[in-house]
Amino acid sequence: AGAAETKNAIPKIGIAVPSPDHGWTGGVGWWAEKAVKDFEAKYPGKYEFKVLHADGYAKQLSDVEDLMVWGMDYLVILPHESAPLTPVVKEAHDSGVKVIVVDRGLTDTSFGYINLAGNNKEMGKVSGIYVRDYMKKNNLTKYVAMGGMPVVIDGERMNAFFDEMGKDASLVNLAGGRAYDFSDWSTQKGLELMENYLQKYPEIHAVFCQDDDVMTGVLQAIKESGRKDIKLVFGGAGSKAAYEMIMHDDPLVKATATYHPSMVYDAIAYCLDVAEGKKSSDFNTAKAPTAVVLPSVLVDKSNVSQFYDKDSVF
Amino acid sequence: MGEKTVATYFKDFKIKDHSLGMAFVVLFVIAAFVGWPNFLRIRNLTNILRQISYTGIIGLGMTMVIISGGIDLSVGSMCAFVGGISIYFLNLFGPESILGIALTILFSLVLGMVCGALNGIMVAKFKMAPFIVTLGTMSIFRSLIQYFSNAGNILSENTLYGRIGSGVFLRLPIPVWCFFAVGILLHVVLNHTAFGRYICATGSNEQVAKYSAINVKLVKMIPYIITGLTVGVTALMWSSRLNCINPSDCTGYEMDAIAAAVIGGTLMSGGKGSIIGTMMGAVMLGIINNMLVMGGISAFLQQAVKGLVIIVAVLLQYNNNGK
Amino acid sequence: MGEKTVATYFKDFKIKDHSLGMAFVVLFVIAAFVGWPNFLRIRNLTNILRQISYTGIIGLGMTMVIISGGIDLSVGSMCAFVGGISIYFLNLFGPESILGIALTILFSLVLGMVCGALNGIMVAKFKMAPFIVTLGTMSIFRSLIQYFSNAGNILSENTLYGRIGSGVFLRLPIPVWCFFAVGILLHVVLNHTAFGRYICATGSNEQVAKYSAINVKLVKMIPYIITGLTVGVTALMWSSRLNCINPSDCTGYEMDAIAAAVIGGTLMSGGKGSIIGTMMGAVMLGIINNMLVMGGISAFLQQAVKGLVIIVAVLLQYNNNGK
Amino acid sequence: MKGIVDSRDILYLDGISKEFSSVRVLDQITFGIREGEVMGLIGENGAGKSTLIKIICGIYQPTEGQVLLNGELVDIPDYITGKKLGIGIVPQEFNLINSLTVYENIFLGNEIHKGLLLDKKLMRLKAREQLDRLKMPVDVDKLVSDLSVAEKQMVEISKAMILDARILIFDEPTTTLTGHEVEILFDLMRNLREKGVTMVFVSHKLHEVKTICDRVTVFRDGKLISVDDIAEVDEHDLARKMVGRDFSQVFPPKLKRAENTVILEVGHFCIANLLKDVSFTLRKGEILGFAGLVGAGRTETMEALMGLRRLEKGTVLLNGEIVKIKNARDAVDHKLGYISEDRQGKGIVQGFDIPKNISLISLPDKYVRHGFIDKAAEDLSANHYIDEFKVVAASKKMELKYFSGGNQQKVYLARWMDTEPQILILDEPTRGIDINAKREIYEFIHALAESGISCILISSEMEEIIGLCSRVYVMKEGHIADCLEGDEITEENIMFNATGIKKGN
Ligand SMILES: Nc1ncnc2c1ncn2[C@@H]1O[C@H](COP(=O)(O)OP(=O)(O)OP(=O)(O)O)[C@@H](O)[C@H]1O
Ligand SMILES: Nc1ncnc2c1ncn2[C@@H]1O[C@H](COP(=O)(O)OP(=O)(O)OP(=O)(O)O)[C@@H](O)[C@H]1O
Ligand SMILES: O[C@@H]1[C@@H](O)[C@H](O)OC[C@H]1O
Ligand SMILES: [Mg+2]
Ligand SMILES: [Mg+2]
């Protein structure tokens, strides 16, 4: 095959992802391993893969260093945190490694790499539109919102969400203005937060929690409280559990907005296409990153079957 | 000795002997003000109790470990591990199998004890520093459950299992009943059995215990097994509540469990502590948390306030103890 | 005493006196095999050194604290806090201000010491359990820096600042030089000054230290200040490497720092320890990590292996110490 | 202020009182100590000797009263200040850091520097010199944890000596020393006296006080009873002053050996570097002595017997049957009891009250009903022992750490009595306790033996061994040197066997 030229006879592909600190990143790990398995089967002996999971970006930083020592030709990375990983990824790039950055981008946009990501602003926007319209339609006014972790993409989503909600003055964020708490994208934390909200606010109509794992916890708290005032819980990302609820007409869960961890699979597939010469490797020498944006789609009863994968861990 | 009249009781009453109780009352009153009127609602109070019950139960076992002169940092990971494996076990049975649930309860408790014994053996038999042993097993349990689950959610297929963890009995959630039950049980063990006495003696001075014909190794080991058991209980309550376990669940439980014990007056250096104290400590942590939420403190500052409250609570106790 | 010939040296050589060194060598050889040929590349070795230098430097301060009978769980949060505030400070100066950088270096170290002193005062003056104090300040520092930064990145506007942390001098990264420098300094303090001896004495038996006319409060406090200083150094190295600080940075540093100290032979119960040991411990942790990465162990199991290695390393030492 | 009565006084205590949580342990103490004298300080356990000493050093602050040094009022807020004023102390309890070496301990708090760094060479040298002066040639680089009790005591004394103090206070320095070592210490003290050093010497052994002191101060219940020139009082007077009533016979009359039945036979105990083929027999109802220099291996023998130390070789025959004792519980089950010489480290639980301390061993056998502790029974039994042993306690619920040494020892004894032993081993049972309590313990041992219980008494106090025992094994360097019986039990014979040196040679 007319592969892009590499240093190694057997090209080495290094993959750096965060370790599973919550459901979504768990999914990332799973899809990364699945990709490696699939492509090893597809191109037996032709490529060498190494997947590293980092529990923090300091670890990921050293993972990338280690991958450089290992002599990778390609790097597929889902950065733990954008800013701190940028220099080392740039260093890899400068030493000739072709880089594909997934999801949480880099802060330096002056060199050539693929930036493959979901659309966070769009995700917030899609969610906001759905929640706004649903509330309007059902004469609901009071809502609360939860963020994930204090990172850039989280802010993008929340801002886009509040932008949409703000368009209808009758809708009130019970926490006031654009205030929200962080759920750490974890079920446990979502449960605790929701329990507290249920105490604090005697009437809540809708909950936006931006993540389907968190949603599980939120739903549990609502169920246990026996309260009937909540009519809508909107998560995000597109977990298997959420899809199942949508399929089975859950009273509270009507839809979700995709932001799927399988994007790491797409990134690895993209990488192999480059290696196989099916896609150009020119991005590497460009003066700016090439964006590959996966759309965020609203999934509801009408289209859920297209997205459901019963083997996925997420 | 002799009978005490109410009057003499009040004459003998020294604030310093009851500093924990006083702190509790003060905190409660403050919370009632800050969170007026929601705080005092039965619903809110039972909620607080449920919220603290998970780490609270483990805190009870932790109290025994700390009194014996040890520490167990692995409880959080162990809890995710035991919970996860227990769901795998449960899924071996049919989706409505009551037998499966009964056996899983047993399995979970036993598995917890086995994990605890692992820590215990290393501490007691190989005389390793508990901090290090459990720092190590903390990584190991977490790692193993991630490995087994491929880092994905471990879902129970049993439709009845969820009823345990989210169930309510006589208006109190089941985990809260467990918290009380384990508390009373361990209180009795600590204060009314020879074994409880031995734990205190060993934690206070191991040599003395050895020279007093106490089987020091056993006495140092069993608290870890008890803690494993409490972890098993919490793992059951937690996994059945959501009918699923995520391998990253229960992170940081160790800190809450230790904090509850220490706020409750258990000495970090061992030899002395109280189960009732830990129960109060756990509830106090819950109240603080609730108060911060109700009071609308900036989310970023909530942790700071919590940290501060822990320090102040302990500071008051230390000063009252006159040291 | 008298002169030792080489022969008698080897005759006197007892493995148990050098178990750490032996473990180090064995580990190195294994790593060289597993990671062949990459492991032995200069680039890889300096990489390992740089990777461990951040927590390694803090581990050196931690060693002093542990020897003195304490523990400091707050170092990770403190590091993010000091790093973040230092960048705010740096940004008060122009984008190319060398003076700004010089003053920030000073500022960072002093701020670290002040934070350390905070822990130290509570431990030494108010006689609070170090575990609790630093558990509290761990939350507080983290919370504060999140609050100040609104949980966002704190970016330096100085274009030269980054040169410190990512700089290389005589083929070694600057953080590695810092690690060595702090190591040598603290080694001398511990082994060749009265203060070092007082730390050991106080950590071993506070009462006795007091009866030896040692100012126990001061001796218990200063190690926290030293640790604060090492945190300041790491905060500088880390923030300048990335030219930015995220409030969630440096989470878990305390565990690595403690692990390095304990693998290096420092007793968790205080009274005894070695700076050189901690340095070796930190490097060993780095080697293990590198080995796991190079050896292609399942990512999920890596933590388990690391936990296991820590336990085994300590187990070997304990048994060799003949207890 | 009364002012200085005597211009010879270097130190003058003026109306010193001390209260611990409103309990008065020192009451208006006023007396002077003259420059260059050795002042004895005696009194029963808990009389307040150590407390007074701690006040002089600055470790405690008096509730009332003041201290004058060379006629000037001084404020001694802590020991650091005390040391600067030239006051040195050899404390009553061990005060060495186990994880440091001998020389590091000797210079702890008093290091010699060369520039900024420590001058280890010089410190080693000086430490060695100091120990040589005490005729205790231990390796200065040895860890203190590896030293015997006597060696530790000598290190402790060296630590005080190195201070070059003008006032040197010894709080019961001889409790852990044998006669030979006490002689060495006294020589040293005489030397210091010639150099003009003022010393305070606390001891429960009146003959020592008589030997070394120039004057003696007697305390009773926190009050000053008398200050006398040593020539004007004899031991009998001193004892009477201490106790407050007439005090006659210390030792009860010797027992006639009633039975010949051997109940315990220890055979060929061996532990590398510690014990070499130790064998002995114990008869029913006898008081068997174990004498020897400190470090001779007596404690090790008994610990091995009790299953507290691993033996390399050795057999135990109990009532003619071979028994295996693997731990202390086995020993208790075989009705063996052992009062350790290390009361603080191996005996009492500091944080437990009296009932909990007493029941610690017998708990499962006596106080557990249906799995639960019967606290009423525990209290009852504690009351019984408090009466029987005349334990003086404000409340039996007080933690043991607040009790004086003698009372702690009684509680410790009670714990073992509560196991109803047939064989009771007492290792230095009177260490650091006053003459009155001592006599009580002697009578107690005597009564035990009369009732048929066999006692083994390890003691470094020759007179105890001679006064109480019917047979004595003398140990030397880990083996049994001889077994003395009846009239053979003399100081000379014991010393000869223990040291290999005949007295007078
Ligand atoms: N820190 C303390 N708190 C409370 N009581 C104390 C304290 N220290 C000593 N005491 C009490 O003060 C009294 C005097 O004790 P002190 O140690 O001075 O006696 P002593 O004469 O040295 O006795 P001994 O011969 O046993 O050493 C005792 O009753 C003791 O229980
Ligand atoms: N753990 C140990 N390691 C090395 N040597 C030891 C240890 N314990 C004791 N020894 C040595 O064993 C010898 C016997 O000690 P020990 O003091 O118990 O004898 P003893 O006859 O009971 O004397 P004492 O009158 O002090 O009780 C001493 O030389 C001591 O230094
Ligand atoms: O946790 C997830 C986050 O890591 C990812 O970037 O976006 C979706 C979230 O659920
Ligand atoms: Mg005394
Ligand atoms: Mg002895």
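For all residues, glycine too, the Cβ spot is worked out from N, Cα and C.
Keep in mind that TrEMBL annotations are predicted by a computer and have not been checked by a curator.
Straight from TrEMBL, the features:
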type     : residues  : note
TRANSMEM : C:20-40   : transmembrane segment
TRANSMEM : C:52-85   : transmembrane segment
TRANSMEM : C:97-121  : transmembrane segment
TRANSMEM : C:128-148 : transmembrane segment
TRANSMEM : C:168-190 : transmembrane segment
TRANSMEM : C:221-238 : transmembrane segment
TRANSMEM : C:258-288 : transmembrane segment
Dominant neighbour of the transmembrane segment (C:258-288) in C:20-40, C:52-85, C:97-121, C:128-148, C:221-238, by Cβ pairs under 8 Å: C:52-85
Contact call for the transmembrane segment (C:168-190) and the transmembrane segment (C:52-85): at least 3 Cβ pairs under 8 Å, seq gap 6+: yes
For the transmembrane segment (C:221-238): best-contacting stretch of C:20-40, C:52-85, C:128-148, by Cβ pairs under 8 Å: C:52-85
Chain residues in Cβ proximity to the transmembrane segment (C:128-148) (below 8 Å; excluding those fewer than six residues from its ends, i.e. six or more beyond): 65, 69-74, 76-78, 80-81, 84-85, 88, 115, 118-119, 122, 245, 247-248, 254
Spatial neighbours of the transmembrane segment (C:52-85) far in sequence, C-beta under 8 Å, 6+ residues away: 108, 111-112, 115-116, 119, 123, 130-131, 134-135, 137-142, 144-145, 148-149, 154, 173, 175-176, 178-179, 182-183, 186, 189-190, 199-200, 202-204, 206, 219-220, 223-224, 226-239, 245-254, 256-258, 260-262, 264, 266-275, 277-279, 281-283, 285-286
